[in-house]
Structures are given as C-alpha cells and as structure tokens.
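Student: Below: one structure in structure tokens.
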Amino acid sequence: MVKEYLKKISEGKHLTFDEAKEIVLSIDREEITEAQLGAVLLGLRLKGENPEEIAGFVDVLHEKAKKIPNRTPAVDVCGTGGDKSNTFNISTAVAFTLASLGVRVAKHGNRAMSSKAGSIDVIEALGFKCSDNPEEIARDIDEKGIGIIFAPYFHPVVGKAVKVRRELGIGTIFNMAGPMLNPANLSGQILGVYSEKVMRNMAEASLILKKDNILFYHGKDDGIDEISLSGKTIFAYLKNGKIDYFDFSPEDIGIKRYQKEEFKGGDAQENAKILEDIFKGVAKESHIDIVAVNSAFALWVLGKVKSVKEGFDMVKEHIMKGKVYEFVETLRGRTA
C-alpha cells in the first residue's frame with residue numbers, strides 16, 4: 001500500500017484524506033520503513049502538501065494522542081516556527097500574559113527545532129518544569145490558569161518519525177500538523193504560520209476536520225509566524241464553518257511600526273530574561289507592544305473584548321503595572 005502512495009506522490013498527485021490517514025497509521029503500526037517514510041515526507045514537501053493531506057495526518061495523530069482532561073476549555077497560542085527570523089518567544093510571553101488576565105491557557109510546545117530556543121526551553125529557563133501527567137496538567141489549567149504541554153510526552157506516533165525527520169533536516173508535513181495537535185479541551189486557538197500558502201492550507205485542513213474558532217496569521221512583510229508590528233499581517237479566521245481572510249497593520253490601532261530587528265532573540269536564557277522584563281513592565285516598548293497586540297487578538301477571538309484596540313490598551317496597561325510578573329511569581333511559589 002505504501003508503495004502505491006509513493007508512486008502517486010512521485011507523479012505529483014495529491015493523496016486523499018483517507019490515504020494520508022493510512023500513511024500515519026502505517027507509521028503507528030511500524031509497517032513503513034525509514035526509507036519509505038523519508039521518501040513520503042520529501043515527496044509531499046516537493047509537490048506541496050494540500051489541505052486534505054494535512055487534515056489526514058492531523059486526524060490520526062490527534063486521535064492517537066494522550067488527552068488532557070481539563071474541565072475548563074482553554075486557549076492555545078503557538079506557531080509553526082520555521083520562519084528563520086530568530087525572534088524572541090512572543091507566543092510564550094502571550095500565554096503567560098493571557099493567563100494573568102484570567103484566561104485559561106493550554107500551552108502546547110516543544111524544544112527548539114530551527115530556532116535557538118523553543119517555547120519549552122524558555123519555559124524551563126523561567127523556572128517551570130514540564131509534567132507528563134495529563135491529570136496534573138489539567139489541574140494546572142483549571143486551578144492555576146495555565147498548563148504546559150510538552151508535545152513529545154503526548155504524541156507517541158510523532159515520536160516514531162523523529163529519527164527520519166531529524167535525518168531529513170527539512171520542514172515536513174509534521175511541522176504543519178504539530179501546532180494543530182493540542183490534546184487539551186480548547187475553546188479557541190491563535191496560530192502563527194511561517195508562510196501565507198501554508199497558513200491557507202492549514203486553515204482549510206482545520207475546516208475539513210470541523211474545528212472552530214482558530215485564528216491563523218502570518219506576518220507578510222517580514223515573514224514571521226507572529227502578528228507583526230513591522231508591517232502587514234494576514235489572517236485566516238475559522239469560525240462557524242467558514243474562513244474569513246483579512247489583514248492588519250499597526251497603524252490600524254494607532255501603534256507605530258518597529259524595525260524587525262527590534263524583536264530578535266537569543267538562546268533560552270536570553271529569551272527568558274526578555275520575557276521577565278516584559279512581565280515586569282520594564283522592557284522596551286516594542287517588546288511590550290508586540291506581546292500586547294498578540295494578546296489582544298486572542299482576547300478578541302475569545303470574545304473578551306469588542307475590538308483589538310480595546311484589548312491592546314487593556315493588556316498594555318496590565319503589563320506596565322507588573323501584573324503579569326505578579327502572576328508568574330505566584331506560579332513559581334513566590335511573592336512578587
């Protein structure tokens with residue numbers, strides 16, 4: 001069966017939803033060789049993955065994942081990575097900011113793949129440990145306001161493909177599927193993507209899977225997987241069974257533009273220091289503004305604010321008062 005799919009891919013033809021599912025099932029059953037899996041992943045990449053293929057992968061990978069039984073629906077804020085921009089961990093800062101505002105957050109993340117510091121690397125540098133216990137993470141979400149989900153603990157099938165992916169050394173369909181695999185009970189998601197084409201494909205894949213309330217975005221002018229303050233950001237908003245496309249520029253809500261270099265990060269320790277300064281409200285205004293605007297869009301998606309402008313002003317004031325730092329210190333068992 002795998003050889004038939006390989007032949008189809010080599011001819012530049014797309015797999016169906018069910019055929020893509022079969023590929024993942026063959027990985028799970030260990031019926032596909034490493035050579036065949038490498039060929040499938042490279043072939044899909046060369047011809048271009050389509051929404052049905054992404055949806056098929058996500059469907060099985062999510063079904064096989066260990067689930068987080070949180071009672072209170074949560075939001076996830078993450079990105080695909082792979083934009084080669086080396087920004088600091090903006091979505092991680094947003095996750096703690098939202099939680100400090102009373103929004104339940106299920107932060108799904110991993111270690112660095114293409115950047116110097118993945119979200120989990122930075123979260124650990126901030127002094128937090130990752131649990132592999134679904135019940136413990138659910139309690140963290142329900143009682144503390146934020147749970148940290150280290151992806152490899154919860155996605156055994158993905159783990160079976162790690163060796164081949166590492167040896168290939170390129171982005172594959174797993175990079176698109178990964179951010180769509182949060183195993184917690186979600187009420188919404190904001191998801192940054194490294195390219196416009198992939199963003200559209202991921203949105204359409206989510207529509208096929210009947211997912212809802214997901215805001216996909218891509219910083220078009222500077223090519224980042226964040227809502228940008230250096231230029232235009234394009235969005236695909238999946239809500240109530242349809243996808244709306246729109247764009248945003250900083251001037252739309254009265255924010256000045258910043259140079260892309262303003263948001264450069266470093267290793268995990270350096271990025272943790274940047275986040276600490278943001279949480280305290282003593283960071284550069286550019287850093288506070290980009291966290292505030294990304295947080296504002298999440299609040300808007302969740303219906304917590306009527307406009308992004310309202311959300312931005314509220315979040316910026318909250319950060320400047322050091323409220324995020326107070327919350328983070330409480331999580332760490334300290335008094336700010």
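A Cβ is built for glycine as well, from the same backbone N, Cα and C atoms used for every other residue.
Checked Swiss-Prot, it gives:
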| type | residues | note |
| --- | --- | --- |
| BINDING | Gly79, Asn110 | anthranilate 1 binding site |
| BINDING | Gly79, 82-83, Thr87, 89-92, 107-115, Ser119 | 5-phospho-alpha-D-ribose 1-diphosphate binding site |
| BINDING | Ser91, Glu226 | Mg(2+) 1 binding site |
| BINDING | Arg165 | anthranilate 2 binding site |
| BINDING | Asp225, Glu226 | Mg(2+) 2 binding site |
Student: If you measure C-alpha to C-alpha, which of Thr87, Arg111, Arg165, Asp225, Glu226 (binding-site residues) come within 10 angstroms of Gly79 (anthranilate 1 binding site)?
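Tutor: Passing the 10 Å Cα cut: Asp225, Glu226.
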Student: Around Ser91 (5-phospho-alpha-D-ribose 1-diphosphate binding site), how many other CB atoms lie within 10 A of its CB?
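Tutor: The Cβ of Ser91 (5-phospho-alpha-D-ribose 1-diphosphate binding site) has 26 Cβ neighbours within 10 Å.
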Student: Rounded to the nearest Å, what's the C-alpha distance separating Ser91 (5-phospho-alpha-D-ribose 1-diphosphate binding site) and the residue listed as 'anthranilate 2 binding site'? Just drop the number here, would you?
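Tutor: If we compare the Cα positions of Ser91 (5-phospho-alpha-D-ribose 1-diphosphate binding site) and the residue listed as 'anthranilate 2 binding site', the gap is 24 Å.
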Student: Three states by DSSP: which one describes Ser91 (5-phospho-alpha-D-ribose 1-diphosphate binding site)?
Tutor: helix
Student: Please identify, among the binding-site residues Thr87, His108, Arg111, Asp225, Glu226, the one with the smallest Cα-Cα distance to Arg165 (anthranilate 2 binding site).
Tutor: Arg111
Student: Distance between Glu226 (Mg(2+) 1 binding site) and His108 (5-phospho-alpha-D-ribose 1-diphosphate binding site) at the Cα atoms, whole Å?
Tutor: 16
Student: Going by Cα-Cα distance, which of the binding-site residues (Thr87, Asn110, Arg111) sits nearest to Asp225 (Mg(2+) 2 binding site)?
Tutor: Thr87
Student: Quick check: in three-state DSSP terms, what is His108 (5-phospho-alpha-D-ribose 1-diphosphate binding site)?
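Tutor: The residue in question, His108 (5-phospho-alpha-D-ribose 1-diphosphate binding site), is strand (DSSP, three-state).
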Student: Determine, from DSSP, whether Gly79 (anthranilate 1 binding site) sits in helix, strand or coil.
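Tutor: The three-state answer is strand.
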Student: Could you tell me the C-alpha distance between Thr87 (5-phospho-alpha-D-ribose 1-diphosphate binding site) and Asn110 (anthranilate 1 binding site) in angstrom, no decimals?
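Tutor: Roughly 16 Å, rounded to the nearest whole number.
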Student: How many neighbouring Cβ atoms, not counting its own, are there within 10 Å of the Cβ of His108 (5-phospho-alpha-D-ribose 1-diphosphate binding site)?
Tutor: 29
